[in-house]
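These notes concern the structure reproduced below.
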Amino acid sequence: MATKLTTREAVNAFIDRHDTFLFDCDGVLWYGHTLIPGVDKTLELLRRKGKRILFVTNNSTQSRQAYTKKFEKLGLSASENEIFGSSYAAAVYLQKVVDFPADKQVYVIGQAGICDELDAASIRHNNPADDSSTIDWEGVEAITPDPNIGAVLVGFDMEINYRKLAKAYVYLASNPGCLFLATNDDASFPHHGRTFPGTGSMVAAIKGCTGREPRVLGKPHQTMLDCIVAKYDLDRTRTCMVGDRLNTDIQFGVQGGMSTLLVLTGVTSEQELHDARHNITPEYYADSLATLNMADTADE
Ligand SMILES: O=C(O)[C@H](O)[C@H](O)COP(=O)(O)O
């Protein structure tokens with residue numbers, strides 16, 4: 001049974017039992033370009049209390065560097081070192097886990113965040129903007145197997161089109177050695193209190209035609225947490241994962257042996273939380289991250 005944080009005492013006890021907070025971004029800190037009211041104060045409060053803060057997002061559209069600018073624009077402070085996005089996780093995975101060969105290239109379906117992180121790791125890749133949506137059968141026939149493509153990496157792409165799907169299909173179907181990676185498989189994308197098709201819908205299109213299963217790097221998959229724990233030397237028992245979605249953020253925290261806080265400002269509603277049909281339960285939940293602002297500040 002999840003405990004709802006509604007009183008100052010409960011909030012104080014919740015904060016005191018943790019040294020580190022991992023924050024999801026979309027639906028917890030902001031919607032698109034709009035800050036969720038009060039969360040700037042919450043982050044300041046936790047920093048003043050000496051808590052370590054890390055931002056863990058499945059959103060692959062921006063690199064860590066671009067995220068620092070987004071934080072700044074929204075009036076939040078965050079250093080590149082505190083941000084762990086799924087595009088960075090993909091670059092780390094290719095570089096450190098599979099030792100991606102220097103003579104191979106990654107075929108990316110995605111946006112700038114993935115390309116920037118691959119560039120930072122010196123991994124060769126295509127420019128997704130070159131794959132325009134206008135195509136006829138002659139254009140489709142010109143797509144041929146390419147032994148230089150060592151991986152197809154799929155992230156959120158607002159300009160996904162048939163040419164991109166056909167290329168991914170041809171590279172993956174013609175070469176069993178070509179890796180199939182996905183930054184994340186979130187079915188939906190939270191935006192201004194509504195949801196729209198997420199990266200999972202794009203990954204599903206490629207799964208559907210190739211019959212292949214991707215290695216998914218983002219939450220709830222533990223590859224991401226293993227990288228975070230190794231990088232920051234976290235004590236999982238004193239770490240809380242804060243998110244707005246049961247089947248990614250909360251599952252990520254539960255599977256990873258951390259405590260969890262669900263906030264109701266994003267994808268999962270209070271009604272869904274109490275729906276007995278799912279089996280993922282956060283330890284705590286609150287109307288918003290800003291609920292923590294009722295904490296005592298006397299100990300600072
Ligand atoms: O479809 C997606 O890629 C995700 O919905 C989106 O990016 C979620 O990001 P997060 O909530 O982990 O910040």
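Here the Cβ of each residue, glycine as well, is placed from N, Cα and C on the backbone.
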**Item:** Further binder of Mg(2+) named by TrEMBL next to ASP24, ASP26, taken from the candidates ASP244, ASP275, ASP287
**Value:** ASP244
**Prompt:** Which has the fewest other CB atoms in a 10 Å radius around its CB: ASP24, ASP26, ASP244, the listed recorded positions?
**Reply:** ASP26
**Prompt:** What is the separation, in Å, between the Cα atoms of LYS219 (substrate binding site) and ASP24 (active site, nucleophile)?
**Reply:** 10
**Prompt:** How many Å lie between the Cα of ASP244 (Mg(2+) binding site) and the Cα of ASP24 (active site, nucleophile)?
**Reply:** 7
**Asked** Once ASP24, ASP26, ASP244 are set aside, which residues in the chain still have Cβ within 8 Å of the Cβ centroid of the Mg(2+) site?
**Response** CYS25, GLY27, VAL28, LEU29, THR57, PRO190, GLY243, ARG245, ASP249, GLY266, VAL267
